[in-house]
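Listed in TrEMBL for this protein:
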type    : residues                                               : note
BINDING : Ala19, Ser20, Ala21, Gly22, Thr23, Gly24, Lys25, Thr26 : ATP binding site
DOMAIN  : 1-470                                                  : domain 'UvrD-like helicase ATP-binding'
DOMAIN  : 508-781                                                : domain 'UvrD-like helicase C-terminal'
Amino acid sequence: MNINQLIASDPYVSCWVSASAGTGKTKVLTDRVLRLLLSGAKLQKILCLTFTNAAANEMLDRVIAQLKSWACMDNAMLVASMHNMLGINPTDSQVLRARSLCNEYLQAKENIAIQTIHSFCQNLLQKFSVEAGINANFTILDELKTKEIIYFIQQNLIHSSSEIHVSLEFIANYKHENSITQLIDNIIADQRKFLSLLEHYSTAEDYQTFLMQNFSLSDKESIVKQFFVKFTQCPVFDYDYQISNKISSQFVAKFIEYKKLDYSSFIQQLDEIMALFLTNNGLKRRNLISQDFKNKYPDLSEYFSLLQEDILQVHDRLNTLKIIESTYHLYRISTAVLHFYQQYKLSHNYLDYDDLIRYTHKLLRNTSSKDWILYKLDQSIDHILVDEAQDNSLEQWNIVLTLLNDLLAGGNKNNNSTFFVVGDKKQAIYSFQGADVEVFNTLSRELNSSFNVAKKPFKSVSLDVSYRSTHEVLNVVHAVFTDISLQMPELFSSDDLVKLKCNREADHGLVQLWDIVVENKSKDGKEVFWPIADALDNGIQTSMQSSYMLAKQIAHYVNLQILSKRVLPSTKQAIQCSDFLILVRRRNEFVKQLVSELRKLNLKVSGIDRVSLQDHLSIIDLIALAKFVIDPDDDLNLACLLKSPFIDCAEEDIYFLCRSKKHKDSIWQFLTTIEKDNLYYQSIVSKLHKFIVLYCSSTPDYFFHLVIEVLNYRQVLININIDDGNDIIDEFLKVVEYFFKSFSNSLREFIIWFDSNNIEIKRDVDTQDCINIMTVHAAKGLQAPIVILPDTTTLPISPSGILWNNDGNMLWSIQSKHCDNYLKTQAGILKHADYQEYLRLLYVAMTRAEDELIICGYNTAATLPQRCWYNIIKESMSKIPGISRRECNLDFTCINKVVYNRVESSSELLTQIINSFQEEAASKYSNLLECKSHIQDISQAEHDYKSLVKQIFDFRFELNRILELKFLSVNLISLSSFSPLEGEHGINYGVVCHKILEEITKNRNIKLFLNTSYVKLLTIKQKNKVEEILNVLIANQEFNYLLNSYELKSEVNLGIMCLSDNSDIRSNNDAFYIDDTKVFVFKRIDLLAIKNNHIVIVDYKTDFLVPETQLEVQSSYLKQLKSYHDIIKLIYPMHTVNTKILWLENVCFMNIKI
């Protein structure tokens, strides 16, 4: 421990600690608790308040682990451990105390309280429920229950008084109906502020009167009348106009027309009159009249200029009136909403998290019970520790300070009571939860003064040694925020940005700034509404999203780093998945793309830490199915369903349906009229019909259960959507069950309710050996060897809507165009505060990195917002000495050609097998449950064959999963390596080349070829030739892309059981046995590369003469590749299959068209 950590953990001195990221804050907290225990403090008299439950659990685990360790250590080790913590050798009594603490902890009835402030308040309210005036058996509201309350409030608002109806109608005139739900959400989220406002003003009319007086406003008619008088006083008719300029002529003519209006007409056309002088944004028009007009009629020009100023003021005052009117109606709605909200909570004995803080604060301020409660608390609290102090709200601080003030006032008999605070202004990122960085800024000064008055020791300490990050990371962070502080000195002081000392000077770190990924445009730059349709009609090459391109780059970079096996300085081990932490600001589409790309490369990824059910692909598919069975004629929804794993239509097939149907018909109507001989579309109609029958023959609450569990579409959705949606589907089923129990038994009502409520679930992601992707807020307190920041190119968007000023007063502009100057000024202040928090969020993000930090980003255009994260970092890094630009190829993206035609099989035998397979499956689909029970009774041999085939076929539907496989077995089998010595001629050069390439593709490393045993079998000349080929292959971009991006299978053998005495199959083929059944090997593929729905077949050829075109290739080679293609296409019918020859003589790939 360094000297500042020793001072901060001193159990006899109260302390305010400023702890930058990575400086050992948690260790200081833990050590202080341990030193308090060593000094004689009782476990139950220590209160430690953390910001999150995770932080509380981590700290408690550390304390318990140290107590256990002390109890088991030998004397020498114990003394050394305590010396490191205390800074001096421990006394004998301290050693004995250390050994006994673990037993004391195990025996204690009340233990050390390490908890969040909400947990503390919950315990306090349960202990003093009578004094608080609440039921002690209250339940904390969860998110789903809050959705139920909002639904309850909506229903009650509809049946409320006529006044509420008027306010609802006012809002409905300007807002979408779903905005009412969002408005109720906002009122409940800001209930603390609304309740405070309602205490000051008993009615909406009182608050409206206050606002009118505060803005010195009269009614609208008075404002308009005053303006009308000024408008009509213009001496415009006293001039003989000779205006050559067309704009000036039109302006004057229009002005004269308006000047002739009487008052009633003037009011009706007031908006048009203002539009003559102001823009749509409410700004002054720059060129009302020409310079020539100004020169000819200077007096009139001056009048127009003054009139424009008057109109601007009138426009602003009328906007203020509109804001007050909107605020008046919002006040009414909020009164009703909070009344119903409190009523529901009271009748059902619920408290929300705001209630915990509010009731506790009220309890501690209640003069009749305050002394008694504080007296009881004094018996149990001697030491208070506050973690992450910068994230506490004013109300939370008021609770803590109430406890502290009692300690300072001498209410506690223990004169050794202490107070400890640790925080970091630079990491204040929770203003949306009520945290106020300004409160944090003033508290240290006030606390210092309070302790001086109480004559108790109090110190301020700054931790200035980083134990987390390497020197390179620290340098970049310091450079970035030093530049920021120069431009925004109010954000950070010089004391906040003291350059940290690095405790890891010997370790070498890395900071990378990748070039921004910009969206690829189509060849003609045309916007494409439906890519597949335009591609079919016009041959347009569609654009690739920049977010998708960056996701691929990151996935391939991570994969390459893991494959490299390089050792990280922090872990002293080879890179693995858990070493990566990818931080984003928003859980948007990019995150889903990134998770998908990482999984395509078989990398373990934890998934998204918080998920909206409405945004999850599997849930979207389930809702689309439910909407279809209710309303089959909804074309958009049916198109979504056809594309989903339930049907799995290709886009060109959906496009065909949309183009072929009659204008007035729906897609469903057209589908039902397609000829019966069109088996493909008839199979779709049949399946859709069965879903409708399933819905009609079951209860609505059981429909989703049947689809997910009985038909077993759970696995289908997970496999096809390439996600880890198992827990998401479980949560969805809980929501379904909850709705049908609580509200209605209507599937239609459920869909309406589900679509109108954003239901989010927080996932406990598995962080063991997984790549972690989370928001910066969720990563607070975490760290990782390699941190990637991909979400760096956007600025924060300040939420528009309800505005609260520092006095606790509320204003609401129902439309942005009604904002007046005051509201715009206040919004600008809030926007600046949001940007400051945006910069503090950047600090938190960058300081998660231990060894390496990677900054990247994506955008639709090359130009980024000037002060976004990326540009800030780029500018600062350019000033750091020793920064160099290295060109590296990060373009791992590849646009695969889409194949729209279906290739017919050339093998009649296999076609017959597949057709009979499908016919048998279709017959069994009519009774799924019976088939399921039948499967359990099939013979072991049939079960083995089923397991064998399941490894090959992608069974997308339940009908594929329940088949009895009696005679079909198509398998990919990798035979053991054979000797390259063949025949009487010794070494076969071609075979050795093949085997070396097989080893390379298995290990995914071209540089390992010299280590293979096959090289020793070559002559020196042949070895040099192979080395030359492979050196060229190392630089071959296409081969490297296959090597790094695809799942590779080398020397793949295809086998089939002979169903008849077919000499064509039996002759000249190897054979092997599966369960006593003879299987003939008749094809062997050099390299099979699989990625998503795309397969590449590569055949190696060592011919000395390399053909230049496919026409010159030997026919036997082409037939060989065609047979490969046809067989693989049968095994993978939904995949696109391409064939290539790799000519080793000149190391060149040749695409072979089948």
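Note: Cβ is positioned from N, Cα and C throughout, glycine not excepted.
The structure, with features from TrEMBL marked on it.
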{"residue": "Ala19", "record": "ATP binding site", "Cβ within 10 Å": "26"}
{"residue": "Ser20", "record": "ATP binding site", "Cβ within 10 Å": "25"}
{"residue": "Ala21", "record": "ATP binding site", "Cβ within 10 Å": "23"}
{"residue": "Gly22", "record": "ATP binding site", "Cβ within 10 Å": "24"}
{"residue": "Thr23", "record": "ATP binding site", "Cβ within 10 Å": "25"}
{"residue": "Gly24", "record": "ATP binding site", "Cβ within 10 Å": "22"}
{"residue": "Lys25", "record": "ATP binding site", "Cβ within 10 Å": "23"}
{"residue": "Thr26", "record": "ATP binding site", "Cβ within 10 Å": "16"}
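The Cβ centroid of Ala19, Ser20, Ala21, Gly22, Thr23, Gly24, Lys25, Thr26 marks the ATP site; residues of that chain outside this set whose Cβ lies within 8 Å of it are Asp424, Leu463, Ser466, Tyr467, Arg468, given in sequence order. Under the DSSP three-state reduction, Ala19 (ATP binding site) is assigned to strand. Secondary structure at Thr26 (ATP binding site), taken from DSSP and collapsed to helix, strand or coil, is helix.
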